[in-house]
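Per TrEMBL, the feature NAD(+) binding site maps to 13-18, D38, R43, 91-95, 132-133, E167, 278-281, R348. Feature annotation from TrEMBL assigns substrate binding site to 163-167, 222-226, R262, 269-275, 340-341, R444. According to TrEMBL, the active site, nucleophile annotation covers C278. According to TrEMBL, the feature domain 'UDP-glucose/GDP-mannose dehydrogenase C-terminal' maps to 334-449.
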Amino acid sequence: MAPIQVKKICCIGAGYVGGPTCAVIAAKCPHIQVTIVDLNKQRVDAWNSDNLPIYEPGLDEVVKGARGKNLFFSTDVDKGIAEADLIFVSVNTPTKKSGIGAGFAADLNYLQLATRRIAEVSTTSKIVVEKSTVPCKTAESMRTILEANSKPGCTFDILSNPEFLAEGTAIADLFAPDRVLIGSLQTQSGLDACAALSEVYANWVPRERILTVGLWSSELSKLAANAMLAQRISSINALSAICEATGANIDEVAFAVGKDSRVGPKFLKASVGFGGSCFQKDILNLVYLSESLHLPEVAKYWKAVVEMNEHQKSRFARKVVDTLFNTITGKKIAILGWAFKKDTGDTRESPSISIANHFLNEKARLSLYDPQVTEEQIWLDLTDYGAIPAEPIKPHVSIQQSAEEACKGAEAIVVCTEWDEFKTLDWEKIYANCPRPAFVFDGRLMLDRKKLQKIGFRVVTIGTADGY
Ligand SMILES: NC(=O)C1=CN([C@@H]2O[C@H](COP(=O)(O)OP(=O)(O)OC[C@H]3O[C@@H](n4cnc5c(N)ncnc54)[C@H](O)[C@@H]3O)[C@@H](O)[C@H]2O)C=CC1
Ligand SMILES: O=C(O)[C@H]1O[C@H](OP(=O)(O)OP(=O)(O)OC[C@H]2O[C@@H](n3ccc(=O)[nH]c3=O)[C@H](O)[C@@H]2O)[C@H](O)[C@@H](O)[C@@H]1O
């Protein structure tokens, strides 16, 4: 039998995943109409404007090429659902803040509300695809909600199709993914739905990269992939502390270890710690799942990855204080980079936030710069979205429009995000405007240490012994 032809796709959630993912589907499948819906009007308006709500290299071209032709952004969630034959659910699934599992479990409220809406609005059968990252077995609760609320004659097939894109390289990742993973029930209708979604991806992804598995394997693979990637970073960061104490160099160690083809060279860059909206959230989710399954040793194992990350962030911040002769009270410190990694404006769980808070607690004066993060966003982060009053912090923080401006008069320059532009700054000019001794703390091992030392800077990097 020929696979079901998907003609209209709706994506619920126009965020970092829903937006780029479905824009790429529209670009690669001109015969499919793609509508991305969101309750957030401001976000939808931005998607429909020249100023997209997220910064992602290559995204503008993709959106502008398809928007108004077969790609639409709308706040009319119900219409989007009603018209579609396949619906991606790509809403946020943050860590729960209160109630059972607070601090660990995923908050599935947004996902369940979207699922209910699908059941209430649909008058024809649909394929419903979990795009959000969810705990294992979430598809089962979605099916229960859909079946309990569906109209006569409406059936729903649920697929898991987790997203593996990384921010900053989202478009490249979506154009040429390592793999596309689709999980389905192994029933005839589950397999048919899986074949229909596979056909959509097959418009540009080689068939051998489209992996089809059971629903629960697919859900768990997403948490596992993020946990294992984060684990590599915590492992290399743990080793960076040993390097600093012994005189070994973490880049050399990572290079030597990564040459083993069983280990591989990627994701072994020591840093101030990993950030981003997902690594911590997904590992904590795995910890919660393990505890719920009465597997305390497994839970403890994964929790250590997050604990090591917290340790790395505070270890780095403490090192700055220690090096500046044990006090930074009243001293001006420049923080270069606020996003959680380069080539994104996303600041969720950015290590810069923890490090800045540490410095503010020590009563330093901060001068901040990031090429993509807005001043408004930095204030939201510093005040924990309004939970902390801004007034007491304001006199101690200035946000600058260039790295050079941020570094003027700073006793220490702390590089937290690996933006390429930091490599090519006029470091001599910066040095001329700093009091002595002038310190650079390279939290990303990205600067030319020897060159900076020659200029006169004292340079401290993660994962190498001191010696300026
Ligand atoms: N950010 C990333 O790089 C990646 C995220 N993921 C996962 O994808 C999911 C989405 O993540 P992001 O796109 O980063 O989140 P996001 O917060 O940027 O976007 C989610 C959007 O869903 C909307 N929304 C929530 N409930 C809704 C409803 N009932 N109806 C309509 N719209 C609704 C929100 O207004 C928001 O704009 C999460 O589960 C995340 O773990 C997976 C891979 C990569
Ligand atoms: O589920 C998700 O949200 C996504 O999470 C990560 O993507 P992302 O968080 O966007 O970015 P990464 O490149 O993974 O970087 C995460 C953090 O780790 C840090 N990192 C990364 C690599 C490395 O070697 N060292 C290191 O410190 C980065 O600077 C950043 O703070 C995964 O790489 C994606 O596959 C996944 O889809």
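Backbone N, Cα and C define each Cβ position, glycine as well.
What you are looking at is a predicted structure, and each value in this text was computed from that prediction instead of being measured.
Looking at G13 (NAD(+) binding site) and E163 (substrate binding site), their Cα atoms lie 14 Å from each other. Comparing the binding-site residues A166, A270 by how many other C-beta atoms lie within 10 angstroms of each C-beta, the top residue is A270. A166 (substrate binding site) sits 16 Å from N92 (NAD(+) binding site), counting Cα to Cα. The two recorded residues G273 (substrate binding site) and N92 (NAD(+) binding site) have their Cα atoms spaced 23 Å from each other. Taking Cβ-Cβ distances under 8 Å and a sequence separation of 6 or more, the neighbours of N92 (NAD(+) binding site) in its chain are G13, G15, Y110, S132. Set side by side, the binding-site residues T95, N226 differ in how many other CB atoms lie within 10 angstroms of their CB, and the most is found at N226. Shown in sequence order, T133, N226 are the residues of the chain, 6+ apart in sequence, with a C-beta less than 8 angstroms from the C-beta of the residue listed as 'active site, nucleophile'. On the backbone, the CA of D38 (NAD(+) binding site) and the CA of E163 (substrate binding site) stand 18 Å apart.
Taken in sequence order, the binding-site residues Y16, D38, N92, E163, F340 that lie near ligand 1, meaning a CB under 6 Å from one of its atoms, are Y16, D38, N92, E163.
Close to E163 (substrate binding site) in the fold, though at least 6 residues off in sequence, lie V17, T21, S90, K131, T133, K222, each with a CB less than 8 Å from its CB.
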